[in-house]
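Participant: I grabbed these lines from TrEMBL:
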- 38-63: transmembrane segment (TRANSMEM)
- 113-130: transmembrane segment (TRANSMEM)
- 142-158: transmembrane segment (TRANSMEM)
- 164-181: transmembrane segment (TRANSMEM)
- 193-214: transmembrane segment (TRANSMEM)
- 220-242: transmembrane segment (TRANSMEM)
- 286-310: transmembrane segment (TRANSMEM)
- 322-344: transmembrane segment (TRANSMEM)
- 379-400: transmembrane segment (TRANSMEM)
- 443-467: transmembrane segment (TRANSMEM)
């Protein structure tokens, strides 16, 4: 089984183009026009993902502020004086701490049912559409549907219902990685996944750096109109520029589209990947890696829904101040991802699983800092300590593409996308109503200990997988050596027999 080390160590292929004199030239020998043309062919889904991400990030501060405003005015019925103090982060100075806690409790309850509810439909869609995508070799529609959903969401101001019915982030993640797998070789897949991750990590802090300020300047309506324009641009790019990586197959069948997509047999086929024993499929590895992804996604989403509540309660921050922290967080993680990926793969030549272990240990250390130092400086120090946590996303995704056969890549991506959709259903209520609501008044940072415990469990599983993989490689090498020895002895015997004839 190839590791991240082996894939990154493979020299980048010197892509070549045909010219009039039938000679082949490398990228360095191309003219500027030819280079631009070549890069245009290499860039596929990245601009579409950037549009999707940019609009989502821009809406972040507005939607967070809207949650507080709705909870304060609609649920609690407080007047503008109280609500303005809460939104401005001056509620302690104006003696509205109890009111702020009540507002947070409403938000915690809302998170506990809203986020799980919006995850159910994407699970159903991904379960069936992943199999449909594999059977017919169709990827493009499933990249576009989530953007259409988000466009109608901001245009109609329906925050979660419409996007969830068209797949949402779960769908676009599944389709993106399946598309990358189709357009890249096995040797280049890890690098392509890493490039997409880095591009998004560069784009995120750029948008985050001004999202809070922009919201303060243009308000809810301005942000939503701008987001709608960006979603429309991404949709237009996807329709005109993105091509299907492979020729669709089986599209002339007379079976209706709905029956073809929602045939229960195909959903069962998706789950059979977990139990199918074929060359290239590792059943135990798939199941345990799904559990690792469940833990990682659960912690990220669980912490994410209460992190601003924790900061707003402890530090009295506004969404604008929080957007600056998010920008710093993303920049630090971007630098950490680039440097760590190079060091771990080229210098230390580490296995995917070990890279994930190191990332988990890094986040445990960061959470210890968050718990121990409840100051603004402590927040920034904790973020610096967690510098390489984002590498886990790449290493888990990389490992996931290597433990299934090529024919089952789409089904496997569906399963992993389902896991990513299920994880918030369990973790968000656990982090919100299960823990944060009970510790808000006494110890709001308690949720960091829950994350530490889950990461420790993940590390135990990862180490077991790593040693299991090493044992399998050792057995395989021993068998190959014994086989070569037997062949050599057979050749020697044949020579002896020939000599005595």
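One-based numbering along the chain as shown.
The backbone N, Cα and C atoms fix where each Cβ goes, glycine too.
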Participant: Is the transmembrane segment (286-310) packed against any residues at least 6 beyond its ends, judged by a Cβ distance under 8 Å, and which are they?
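Facilitator: Cβ under 8 Å, 6 or more out: 64, 104, 107-108, 111, 115, 273-274, 317, 319, 322, 356, 360, 363, 392-393, 396, 399-400, 403-404, 412, 415-416, 419-420, 422-424, 426-428, 430-432, 436, 440, 444-445, 447-448, 450-451, 454-455, 457-458, 461-462, 464-465.
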Participant: Sequence-remote contacts (6 or more beyond its ends) of the transmembrane segment (164-181), Cβ cut-off under 8 Å?
Facilitator: 44-45, 49, 52, 117-123, 125-126, 129-130, 133, 139, 142-143, 145-150, 189, 192-193, 196, 245, 397, 401, 409-410, 413-414, 416-418, 420-421
Participant: If we call contact 3 or more Cβ pairs under 8 Å (sequence gap 6 or more), are the transmembrane segment (379-400) and the transmembrane segment (193-214) touching?
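Facilitator: Yes, these stretches are in contact.
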Participant: Should anything in the same chain at least six residues away from the transmembrane segment (220-242) have a Cβ under 8 Å from its Cβ atoms, list it; otherwise answer none.
Facilitator: 44-45, 47-48, 50-52, 54-56, 58-59, 62, 66, 140, 143-144, 147-148, 150-151, 154-155, 157, 214
